[in-house]
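Structure first, then comments.
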Amino acid sequence: MWHPALGPGWKPLLALALALTSLRGVRGIEEEPNSGGSFQIVTFKWHHVQDPYIIALWILVASLAKIVFHLSHKVTSVVPESALLIVLGLVLGGIVWAADHIASFTLTPTLFFFYLLPPIVLDAGYFMPNRLFFGNLGTILLYAVIGTIWNAATTGLSLYGVFLSGLMGELKIGLLDFLLFGSLIAAVDPVAVLAVFEEVHVNEVLFIIVFGESLLNDAVTVVLYNVFESFVTLGGDAVTGVDCVKGIVSFFVVSLGGTLVGVIFAFLLSLVTRFTKHVRIIEPGFVFVISYLSYLTSEMLSLSAILAITFCGICCQKYVKANISEQSATTVRYTMKMLASGAETIIFMFLGISAVDPVIWTWNTAFVLLTLVFISVYRAIGVVLQTWILNRYRMVQLETIDQVVMSYGGLRGAVAYALVVLLDEKKVKEKNLFVSTTLIVVFFTVIFQGLTIKPLVQWLKVKRSEQREPKLNEKLHGRAFDHILSAIEDISGQIGHNYLRDKWSNFDRKFLSKVLMRRSAQKSRDRILNVFHELNLKDAISYVAEGERRGSLAFIRSPSTDNMVNVDFSTPRPSTVEASVSYFLRENVSAVCLDMQSLEQRRRSIRDTEDMVTHHTLQQYLYKPRQEYKHLYSRHELTPNEDEKQDKEIFHRTMRKRLESFKSAKLGINQNKKAAKLYKRERAQKRRNSSIPNGKLPMENLAHNFTIKEKDLELSEPEEATNYEEISGGIEFLASVTKDVASDSGAGIDNPVFSPDEDLDPSILSRVPPWLSPGETVVPSQRARVQIPNSPSNFRRLTPFRLSNKSVDSFLQADGPEEQLQPASPESTHM
């Protein structure tokens with residue numbers, strides 16, 4: 001089973017274990033700072049750092065263990081990580097005990113309940129799928145309340161009946177002791193369920209029922225444990241009917257009180273994060289501190305702390321995620337996952353370490369084996385009976401296969417162990433027997449059932465969860481079905497899940513969101529804007545994917561066989577050449593002109609023309625770079641994300657251009673009066689420069705002829721103001737490409753960025769690019785005067801990005817026939 005790659009990985013773990021065993025003897029060799037009567041430069045103060053040092057070492061050991069386990073996928077795919085950690089704990093505990101013969105490190109109830117359990121439960125509540133959880137809340141509550149009471153009562157009474165028969169021998173246990181043991185061993189552990197079921201990947205409904213039961217049965221477990229412990233303290237003869245009634249009332253107080261505390265702190269957390277706009281750096285701290293305070297407050301009031309922190313995470317997640325920044329949300333997500341994973345690792349490892357203590361072990365074969373049998377049998381019976389009742393009212397039935405997995409998934413863990421360790425040995429005489437049996441039950445359920453549940457799920461062909469993001473179409477149809485079902489329930493007068501969900505959504509939108517969410521977050525949550533944003537993302541992805549499918553600028557620049565294979569030549573395009581013009585003219589000798597000087601001039605002419613067209617396209621349509629502002633280090637704020645603001649500006653600018661094109665296509669009007677004036681001015685400039693001696697332009701007029709400021713091309717809506725400064729000193733070369741705009745007769749929306757090649761004014765080819773000196777200009781050859789250079793057969797010009805003049809709404813028309821290019825006149829192509 002063990003992979004050879006794991007061999008070297010165990011060496012650091014064993015070395016750390018030996019170091020931990022030797023740390024206890026370090027205190028004896030410490031020297032006092034002034035033992036020699038003189039000043040000492042360096043002193044050894046182990047006692048000063050003993051506790052935090054040992055804690056850090058154990059965390060390091062647990063983290064290294066996870067790395068070692070995942071070096072081989074074959075091991076972790078068969079054996080659950082929780083089982084591996086328990087085995088590792090047994091090994092390390094054996095090493096520690098062999099060195100000192102004392103159980104130096106054990107899992108104490110204080111460590112578990114106050115430091116290890118809260119991060120795990122908070123993570124489960126904060127990332128809980130709320131709709132799935134509340135949609136199955138009735139089923140979860142039935143299993144959590146009735147099921148836990150059923151398991152506790154039947155297990156305790158059955159063990160007591162066997163004890164009366166004499167099979168267990170002489171034990172100092174009464175009926176209340178058996179019921180107390182049944183109450184702590186009956187609860188399904190959320191830590192164990194999470195550790196095993198996350199690796200199995202069962203379907204969402206089955207997972208949320210088992211996991212929700214493990215979370216919500218805490219209230220029942222705490223109440224039963226406290227009630228029976230009080231009864232044991234009072235004695236069986238002193239218990240009255242009033243005490244039983246108080247126990248029943250205590251259940252409602254503990255469960256509802258813990259839930260109420262969690263909701264109150266969730267409200268407080270959401271309200272605080274609404275006003276943290278200027279202190280983004282401490283937003284994650286509020287999430288963890290206030291959530292932890294809900295746990296401690298419930299524990300202080302003797303309420304259900306697990307329910308408190310669970311509902312705190314469930315109720316605050318929507319508003320907190322909307323209020324805090326993206327960086328803070330990422331910090332909260334990763335920190336919470338890290339704390340939960342680390343706490344879970346330490347819990348299972350310390351369960352193994354705690355078992356290596358001969359003092360706690362008291363063996364009774366009949367008691368241990370019958371406990372394993374009873375918890376398994378009564379768990380299955382309870383699930384079957386409750387499911388039979390639930391299926392009469394559930395729309396989605398729980399099949400027999402689901403019931404088998406639910407019965408087999410009743411795992412026990414560290415909660416049961418921590419509760420049994422809390423027992424007072426003076427009141428419960430057989431405490432060690434209870435502790436030993438609890439450890440056996442935990443190891444059996446986590447290791448044996450954890451090992452076999454995955455093959456069982458595969459053998460039964462249980463429906464697995466789909467790890468994918470639903471498509472936009474699925475979301476829209478799902479939302480439409482929700483409204484339809486809610487309307488049907490409203491018309492029929494039936495109050496169901498859809499009706500309640502719709503009423504809650506309206507209440508949240510009208511009242512809660514306005515109080516707990518900042519205004520900017522309320523606007524960003526608008527569904528229409530979200531759908532519009534997703535449609536535009538899909539639009540952009542489609543354009544990029546189509547561009548990659550048809551080819552790229554790299555093909556034009558580097559016409560090699562390696563790049564040519566990436567271009568799709570399956571769709572024929574009207575063209576006068578079959579290969580790259582650049583490649584043909586640069587690599588092949590003309591059959592007409594054999595003068596090498598003329599050939600070189602022709603090459604330079606075509607190359608310059610390509611560069612001009614490319615530069616023109618990039619300068620006009622691409623986003624202008626912004627000057628980067630260097631922020632100094634600050635402890636109180638993060639460096640702002642420049643890319644996020646730039647992406648938003650690009651998005652807004654592109655959408656304004658597309659909306660303007662949409663107006664012109666629908667109304668049949670020009671896009672912009674300024675664009676028309678600009679075109680007329682370019683026509684006049686073209687007539688003035690129609691006759692150029694030697695193909696050169698006067699250099700003093702270059703700046704005026706080729707520089708058109710960005711404000712001349714503004715659309716009807718002003719662009720969003722920005723704090724950035726444009727980089728100065730760059731090449732300002734932007735020629736007008738606008739003609740008299742007429743409405744396109746074809747269907748679809750004109751996109752300026754993907755406009756047809758006819759929009760390119762041939763006058764730009766008659767001008768000297770600003771990066772060329774007067775001495776570098778050449779007279780184009782005869783062939784270059786007659787024909788404008790073309791790209792490969794499936795491209796129109798050197799602007800391969802503009803594959804279609806339509807948006808993605810009419811993208812299917814991009815492969816249709818296109819008009820033949822009109823060759824430019826020789827007069828318009830003078831350089």
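Glycine is no exception: its Cβ is also placed from the backbone N, Cα and C atoms.
As written in Swiss-Prot, here are the features:
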SIGNAL    1-28  signal peptide
TOPO_DOM  29-48  topological domain 'Extracellular'
TRANSMEM  49-71  transmembrane segment
TOPO_DOM  72-79  topological domain 'Cytoplasmic'
TRANSMEM  80-99  transmembrane segment
TOPO_DOM  100-108  topological domain 'Extracellular'
TRANSMEM  109-126  transmembrane segment
TRANSMEM  130-165  transmembrane segment
TOPO_DOM  166-178  topological domain 'Extracellular'
TRANSMEM  179-200  transmembrane segment
TRANSMEM  203-234  transmembrane segment
TOPO_DOM  235-241  topological domain 'Extracellular'
TRANSMEM  242-276  transmembrane segment
TRANSMEM  304-320  transmembrane segment
TOPO_DOM  321-327  topological domain 'Cytoplasmic'
TRANSMEM  328-356  transmembrane segment
TOPO_DOM  357-364  topological domain 'Extracellular'
TRANSMEM  365-386  transmembrane segment
TOPO_DOM  387-399  topological domain 'Cytoplasmic'
TRANSMEM  400-423  transmembrane segment
TOPO_DOM  424-430  topological domain 'Extracellular'
TRANSMEM  431-464  transmembrane segment
TOPO_DOM  465-831  topological domain 'Cytoplasmic'
MOD_RES   Ser552  phosphoserine
MOD_RES   Ser560  phosphoserine
REGION    573-587  region 'Interaction with EZR'
REGION    588-665  region 'Interaction with NHERF4'
REGION    589-693  region 'Interaction with AHCYL1'
MOD_RES   Ser590  phosphoserine
MOD_RES   Ser605  phosphoserine
MOD_RES   Ser661  phosphoserine
MOD_RES   Ser716  phosphoserine
MOD_RES   Ser807  phosphoserine
MOD_RES   Ser810  phosphoserine
COMPBIAS  822-831  compositional bias 'Polar residues'
Please check if the transmembrane segment (80-99) comes into contact with the transmembrane segment (400-423), where contact means 3 or more CB pairs closer than 8 Å and the residues in each pair are separated by 6 or more positions.
no
Short question: which residues 6 or more past the ends of the topological domain 'Extracellular' (235-241) have a Cβ under 8 Å from it?
174-176
Reported mean pLDDT - the topological domain 'Cytoplasmic' (321-327)
89
Residues outside the transmembrane segment (203-234) whose C-beta sits under 8 Å from one of its C-beta atoms, at least 6 past its ends, are 121, 124-125, 129, 132-133, 136-137, 139-141, 143-145, 147-149, 152, 176-177, 179-180, 183-184, 186-190, 192-194, 197, 243, 247, 250-251, 254-255, 258, 302, 304, 306-307, 310, 396, 398, 402, 405-406, 409, 415, 419, 423, 427-428, 462-465
Residue counts (helix, strand, coil, in that order) that DSSP gives for the topological domain 'Cytoplasmic' (387-399)
4 helix, 0 strand, 9 coil
Would you call the transmembrane segment (365-386) and the transmembrane segment (400-423) in contact, using three or more Cβ pairs under 8 Å, pairs 6 or more apart in sequence?
yes
Please work out whether the transmembrane segment (304-320) lies in contact with the transmembrane segment (49-71), by counting C-beta pairs under 8 angstroms that are 6 or more apart in sequence and asking whether there are at least 3.
no
Within the same chain, where does the transmembrane segment (400-423) have neighbours whose Cβ lies under 8 angstroms from its own Cβ atoms, ignoring anything closer than 6 residues to its ends? I mean 6 or more beyond.
107-109, 112-113, 116-117, 143, 180-181, 184-185, 187-193, 196-197, 202, 206, 209-210, 218, 221, 225, 229, 347-348, 351, 354, 375-376, 379-380, 383-384, 387, 431, 434-435, 438-439, 441-442, 445-446, 449-450, 453, 456-457, 460-462
Below 8 Å between Cβ atoms, which of the listed ranges 109-126, 130-165, 179-200, 328-356 makes the most pairs with the transmembrane segment (431-464)?
179-200
Winner by Cβ pairs under 8 Å against the transmembrane segment (49-71), considering only 109-126, 130-165, 179-200, 328-356
328-356
